[in-house]
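**Q** Structure below; questions to follow.
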């Protein structure tokens with residue numbers, strides 16, 4: 001570059017920094033880049049691996065969508081529990097007015113430390129979310145759900161009034177404001193969304209999500225969660241078999257998927273995932289019905305091994321760390337937010 005061009009560029013950069021602050025523009029030479037993307041674990045080892053970076057990326061928008069009773073809120077509460085365990089501060093914007101503190105506590109959420117808002121309108125919910133994000137004091141915000149973000153005009157209007165595109169415009173405007181603040185404050189914002197059917201679709205999937213297209217574009221990660229079956233013991237149903245597909249991923253390759261069990265009253269079966277993924281990665285050895293680790297037998301049958309791992313959390317954490325290291329997705333947590341319980345699952 002010639003001297004004249006260099007001087008002109010230096011003057012322009014100085015003017016930008018003077019007007020908008022230091023760091024408003026920078027060279028991508030590596031010195032200013034984050035060495036590792038900070039993430040918050042989903043509470044599911046398989047999903048952390050499928051995401052390619054070890055969890056949900058901070059400073060980004062994530063959308064989790066699926067049919068009713070598929071595990072959307074459970075997955076979010078598991079992530080909240082993981083964030084709190086590492087010293088994070090979380091907020092839950094409950095637009096559906098259906099938050100269950102008893103269930104959340106069973107999943108390991110410290111309910112007394114969780115900030116809960118139950119707004120009256122969609123505008124109020126998104127304004128609360130924006131204010132929390134801009135404060136810089138929140139690590140994770142969950143909005144449950146986009147479908148329940150009802151515009152004020154619709155609430156104040158009469159039943160049967162037409163309000164075409166109001167919610168989509170509301171979401172589009174809010175996300176334009178939120179995106180920059182989310183990146184600057186390194187906050188994770190998770191939107192839970194529902195599925196609707198498009199009428200008259202002959203080819204392709206008739207399914208779509210609520211709130212227009214803005215959330216699809218602004219989301220760095222989109223997760224499609226589905227219930228694939230039931231977990232039974234005799235005639236008693238103990239939980240759901242769940243599959244999550246990574247539909248969109250801006251931080252790693254997309255279209256991967258994870259399968260795990262959600263047990264009623266317990267949440268995601270982390271120990272069950274350790275067994276399945278551990279066997280797949282040759283960290284746990286399986287011979288017939290017997291499972292062994294480091295040459296020592298740890299149980300006969302998956303259920304017995306699951307119980308054994310619950311009783312021996314230090315071994316479970318060791319297996320988890322080995323699986324993450326083998327797959328190259330070790331979590332990078334903000335310095336200074338970890339506490340002495342890091343790596344341990346919340347006890348029931």
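Cβ atoms here come from the backbone N, Cα and C positions, even for glycine.
From Swiss-Prot, here are the annotated features:
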type: BINDING; residues: 66, 67, 68, 69, 70, 71, 72, 73; note: ATP binding site
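Describe the structural surroundings of these features, if you would.
**A** There are 14 other Cβ atoms within 10 Å of the Cβ belonging to residue 67 (ATP binding site).
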**Q** Once the DSSP letters are reduced so that anything not helix or strand counts as coil, what is residue 66 (ATP binding site)?
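**A** In three-state terms, residue 66 (ATP binding site) counts as coil.
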**Q** For the binding-site residues 69, 70, 73, work out the Cβ neighbour count at 10 Å and name the residue with the minimum.
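**A** Result for the binding-site residues 69, 70, 73: minimum number of other Cβ atoms within 10 Å at 69.
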**Q** For the recorded ATP site, enumerate neighbouring residues of the same chain (Cβ within 8 Å of the Cβ centroid of 66, 67, 68, 69, 70, 71, 72, 73, site residues themselves excluded), in sequence order.
**A** 225, 227
**Q** Under a three-state reduction of DSSP output, how is residue 71 (ATP binding site) classified: helix, strand, or coil?
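**A** It is coil.
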**Q** List the same-chain residues at least 6 positions away in sequence whose Cβ sits under 8 Å from the Cβ of residue 71 (ATP binding site), in sequence order, or say none.
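**A** Set apart from residue 71 (ATP binding site) by at least 6 residues yet with Cβ under 8 Å, we have 225, 227, 240, 242, 262.
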**Q** Using a 10 Å radius around its CB, how many other CB atoms surround residue 66 (ATP binding site)?
**A** 24
